Amino acid sequence: MPISEIQLPVTERYMDLSLLFWGKQDCDPGHYWGPGLRDMYIVHYVHSGSGQFRLGELSYELHAGQGFLIIPGALVYYKADEHNPWTYSWVGLKGLHAKSLLQRAGMNHSSPIFEASEYRDFFETVYEQFHHAFEAYPNSGDLVSQSLLYQYMARLVACNRQSASPPHAVNTKEIYISKAVTFIENSYSLPISIQDIAKFVGLDRTYLSGIFKAQFGVSLQAFLLRFRMNRAVELLHHQELTIGDIARSVGYTDPFLFSKMFKRVIGTSPRASRDHINRTI
């Protein structure tokens, strides 16, 4: 049962749509997963063979050229056929626009299946394209893979025969969350507070924190902290920057407080992380 999956480092760099991992598996007869839950969207595409996919009370028999969607928090089960087991590839993704893009593709709880139709050639080869992105472009593989992810979503939308209708109206809460994320992206290097973010968005901080946690599963404070520390990790690659320089670049005037928060989030001190980076270069 050969299986291959590539996990990408968790990053908040691409807020709108972010690639988490991709993989491919030649399943043994009767191989199954679940029933269980996942905390991100995962799109599977069937290359060959057949199998069964269940989402809640709905059940589908699928074959080559079709695909299915795993929805965060939804109970799913899928199993390879006993006589003609499937080979499938998958893409894990998240982001502010992930749900709305999948809805444009006609995919949701009541309709989690798609037909690749005339775009089958793309879905057959996109797994290898993701691999090639990081092998051929080691310094910019994330940019190439991000482009591929948008192409992937565009094909899904194109597969939906009803997608010619106007895109659905954006949820008001999504607009608030998007504004908060944009503010963080543009202002993380300043000593901003949660109150500053709420004021920019135009909401009470408690309400904003509530809808933010419902969307991402973490508090707004934790999101801001993680965003800053991810950026700090990137800056550690620049040897000319001191720890104090990096602290100030991500919104901390006190380098000791920065080091404390960095270790809490990343698990090691900034200096130890830089030493690790130097050893792997």
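From the backbone N, Cα and C atoms, a Cβ is placed for every residue, glycine too.
Heads up, TrEMBL stuff is auto-annotated, nobody curated it.
Pulled from TrEMBL:
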type   : residues : note
DOMAIN : 178-276  : domain 'HTH araC/xylS-type'
Averaged pLDDT, computed only over the residues in the domain 'HTH araC/xylS-type' (178-276): 89
Helix, strand and coil counts within the domain 'HTH araC/xylS-type' (178-276) (DSSP): 72 helix, 0 strand, 27 coil
